[in-house]
Amino acid sequence: MRTKTNMSQTQESVREDGIIASVSGPVVTARDLDARMNDVVYVGDEGLMGEVIEIEGDITTIQVYEETSGVGPGEPVENTGDPLTVDLGPGLLDTIYDGVQRPLDVLEEKMGSPYLDRGVDAPGIELDKEWGFEPEVSEGDVVEPGDVVGVVEETVTIDHKVMVPPDFEGGEVSEAHSGDFTVTDTVVTLDNGEEIQMRQEWPVREARPSETKKTPRTPLVSGQRILDGLFPIAKGGTAAIPGPFGSGKTVTQHQLAKYADADIIVYVGCGERGNEMTEVIDDFPELEDPSTGNPLMARTSLIANTSNMPVAARESCVYTGITIAEFYRDMGYDVALMADSTSRWAEAMREISSRLEEMPGEEGYPAYLAARLSQFYERAGYFENINGTEGSVSAIGAVSPPGGDFSEPVTQNTLRIVKTFWALDADLAERRHFPSINWNESYSLYTDQLDPWFQENVADDWPEERQWAVDVLDEESELQEIVQLVGKDALPEDQQLTLDVAKYLREAYLQQNAFHPVDTYCPPQKTYLMLTTIHTYNDEAFKALQAGVPVEEIIDVEALPRINRIGVQEDYEEYVAELKDEITEQLRELY
Ligand code: ADP
């Protein structure tokens, strides 16, 4: 527990403590503080939480995670001697935190508002709650770091595996207790005296250890056609969603949080405009997990740092998030981490860097921006854990480039790192084409390594079908340029037909209504069948054209508009089979 320093104490009696020399927003310098880099300190009479970020001679520089107004030189600074850590254990799910892992509901109770939280300390997980612990080891078993020693039902959806902390030695189990315990009770004792509790701590800026990182070969299926079908992300993959305001970033993130086939969702709301984050805080607890019918929060941990929270807490929030993600990965789960938005995180870095008077890089961002971004995305991956299980952390970062300009440093540096890029497009959103992901600009570098999975689990010709769609869409965008100059009717008939096929790809396949109860989630099988229906139309239509049928008659065939309704069909297999037959029949009747 921390203790408040008394101003009248002498330097000798508080050896480790220092005195504030200057305060500049979130950056405070202290004199005579005996500290190491990244130590957590308590600043001022109110004991505001901060972290050491620079040491030069006698002067220690601290970034403070709370509002510093009213704090002044001469006040004490107390060093905890520990780095910034998160509490890990049951209770992380179904909780909303701020950037330094203080549960918002606890803060609200203590302070009357989640945003007026100066000097309040709250444990990251509830300390007095009892959990039913079921041991999975017995006396005499030998356990190593990372090994699972028991299970707790954390929420209706998730079994929480209690593991030997990675920094323990491990040994022979001398006692294992079954029953109700708090997170700080000892549940398993080892012969070397090590006591295993449900709670462990981990420094946020350090990746949790793993055995190996593997090439990811399983898709994180999202149920969104354009993503699974054209630009898939792997379990353990990285993706960026840059999106100008109003382009559907929030809806896309919500769809992913709801439908991505991850076991655990960690959602880091990093300094978005206050009201947007409030929306997430209000919305998420209402959402249902479509695969279980349980509340979505039962598999979600939410970290919410609004832009009216101090800048330094925004800097730390993505680390808190990814550490929680790694902890569940260690249990063998697939975790999807969403950070919204990494631009605000980068801006926090920029602000702190400028207060430190560091040499600025591009657009005032610190020179280490690229390194920080890549350190963050590096922690994603498909891992073999130290306990032999496999687990993954997929990292999806939203980027909000000012004015939608993708050439700015945060977007550019992110693009160099991530392997999937879903470019949201304000023009598409304006035309009400949703999800407004631009298919010409987006890409995924995972398609090749994920194809075998789709071939095995959906259809053997999945890669060819995708390539066909990509080619038609490419051709369409070239043809559109000509159409703009000379009009559609000036095109040869085969090209007019291609435009019609592409129209169905755009309107039926790429568009998907997040608010329709059926269309909102499209299983890969349905994605595939929709594509092959359009492909059937294409092949039969070109046969008819070759047989001399005029293009106007072909594109006017009665069955065709029903392609646009595949998305909303629950019994899509039957519907698609009939539709393919009818399209074929009606087109063949023309010649
Ligand atoms: P942003 O977060 O980028 O500002 P939103 O995600 O709030 O934008 O989207 C703006 C609006 O666009 C939504 O309120 C909704 O009406 C519409 N929209 C976005 N995506 C979809 C979608 N997949 N299906 C239907 N409507 C959508």
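Glycine is treated like the rest: Cβ placed from N, Cα and C.
Annotation comment: TrEMBL describes 20-81 as domain 'ATPase F1/V1/A1 complex alpha/beta subunit N-terminal'. Here TrEMBL flags 123-205 as domain 'ATPsynthase alpha/beta subunit barrel-sandwich'. Per TrEMBL, domain 'ATPase F1/V1/A1 complex alpha/beta subunit nucleotide-binding' is recorded for 223-444. For Gly243, Pro244, Phe245, Gly246, Ser247, Gly248, Lys249, Thr250, the entry in TrEMBL reads ATP binding site. Marked as domain 'ATP synthase A/B type C-terminal' by TrEMBL: 452-553.
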Candidate with the highest Cβ count within 10 Å, taken from the binding-site residues Gly243, Pro244, Gly246, Gly248: Gly243
Output field, ATP shell: CB within 8 Å of site CB centroid, site Gly243, Pro244, Phe245, Gly246, Ser247, Gly248, Lys249, Thr250 dropped: Leu424, Ala426, Ala429, Ser436
Most Cβ pairs under 8 Å with the domain 'ATPase F1/V1/A1 complex alpha/beta subunit N-terminal' (20-81), selected from 123-205, 223-444, 452-553: 223-444
The one of Ser247, Thr250 whose CB sees the fewest other CB atoms within 10 Å, among these binding-site residues: Thr250
Within the predicted model, mean pLDDT of the domain 'ATPsynthase alpha/beta subunit barrel-sandwich' (123-205): 95
Lys249 (ATP binding site), number of other Cβ atoms within 10 Å: 25
Cβ neighbour count (within 10 Å, all chains shown) around Phe245 (ATP binding site): 13
DSSP-assigned states of the domain 'ATPase F1/V1/A1 complex alpha/beta subunit N-terminal' (20-81) in counts, ordered helix, strand, coil: 0 helix, 36 strand, 26 coil
The domain 'ATP synthase A/B type C-terminal' (452-553): DSSP-derived helix, strand, coil residue counts: 78 helix, 0 strand, 24 coil
Tally of residues which DSSP labels helix, strand or coil - the domain 'ATPsynthase alpha/beta subunit barrel-sandwich' (123-205): 0 helix, 39 strand, 44 coil
